[in-house]
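A.B. asks: Right, I'll just put the structure down here and ask away after.
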Amino acid sequence: MTAIRKNDMNYTLDDFTKLEKIGEGTYGVVYKGRNRRTQAMVAMKKIRLESEDEGVPSTAVREISLLKELQHPNVVGLEAVIMQENRLYLIFEFLSYDLKRYMDTLSKEEYLPSETLKSYTFQILQAMCFCHQRRVIHRDLKPQNLLVDEKGAIKLADFGLARAIGIPIRVYTHEVVTLWYRAPEILMGAQRYSMGVDMWSIGCIFAEMATKKPLFQGDSEIDELFRIFRILGTPTELEWNGVESLPDYKATFPKWRENFLRDKFYDKKSGNYLMDEDAFSLLEGLLIYDPALRISSKKALHHPYFNDIDTSKLPAGNYRGELQLE
């Protein structure tokens, strides 16, 4: 058994008590647990690997261990990485609510308050900027791996796991991994992708926080692409240099020409839009087709939408991507 140290404390599985199963994530079963040394609650993720017989690739263990260095108030802390009998357990700090569950608690008539929408989006961008500056891409961001607490903080979970372990097509329960937040370059088979994939996901989540409805609800890769095209128009080389060279681009794609994005935010009942001009301008920057032109997390933190945000109570304060000497 190997345990990888955090704060010089060598943890083994015996240091944690499993309390109850709380879900099945992309990578396996998640349990609520207790750290026997500190009595703190933890989330224990038992990673299911495709090749159970061979055990855990050492590259995955090394890669995941590096994630313990990602210490930021808006990133769910990885407290220990434990290998036992060819099983890999990741021990994270425990938060009881994810963004999806939180939004599901809002009544039919109720929307996320505009200050909360702004605060959550800013905090997500702060975490993303911190990780991107350290060359860590999330690649599988969705409301289910954004965790919230009662103090108004939001934290990103599962950072870097996509690269370390790979994203399975189906979850543990054979439920298909959601495509609703996946960037068009990934959907069209790009072999190399950049931090822009996360910015696209943030755009989709930002829109969903405003309307309570997923923006692009596809049930297959091609359905997902066509739903994007129907709202934003089918991309051409003109707005996305290199799109026609992507492996899964087809010249026969239907040519939707109009952009209907703004219509998605019109609330018939009140006659108002669910996003103001600044918010919509940020969203447009996040949903630019060409990943090279899509807004970066650092630029997004300086967008006029956030000019009036009160950062005094935020976990990471007014951090807007300034590099800190560590």
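Numbering starts at 1 and runs along the chain as it is shown here.
For all residues, glycine too, the Cβ spot is worked out from N, Cα and C.
Dumping what Swiss-Prot says about this protein:
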type	residues	note
DOMAIN	16-306	domain 'Protein kinase'
BINDING	Ile22, Gly23, Glu24, Gly25, Thr26, Tyr27, Gly28, Val29, Val30, Lys45	ATP binding site
ACT_SITE	Asp140	active site, proton acceptor
A.B. asks: Based on Cα distances to Asp140 (active site, proton acceptor), point out the closest of the binding-site residues Ile22, Glu24, Thr26, Gly28, Val30.
C.D. replies: Thr26
A.B. asks: Within 10 Å of the Cβ of Asp140 (active site, proton acceptor), how many other Cβ atoms are there?
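C.D. replies: Neighbour count, Cβ to Cβ under the 10 Å cut-off: 22.
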A.B. asks: Among Ile22, Gly23, Glu24, Gly25, Thr26, Tyr27, Gly28, Val29, Val30, Lys45, recorded ATP binders, what is the largest CA to CA distance in Å?
C.D. replies: 14
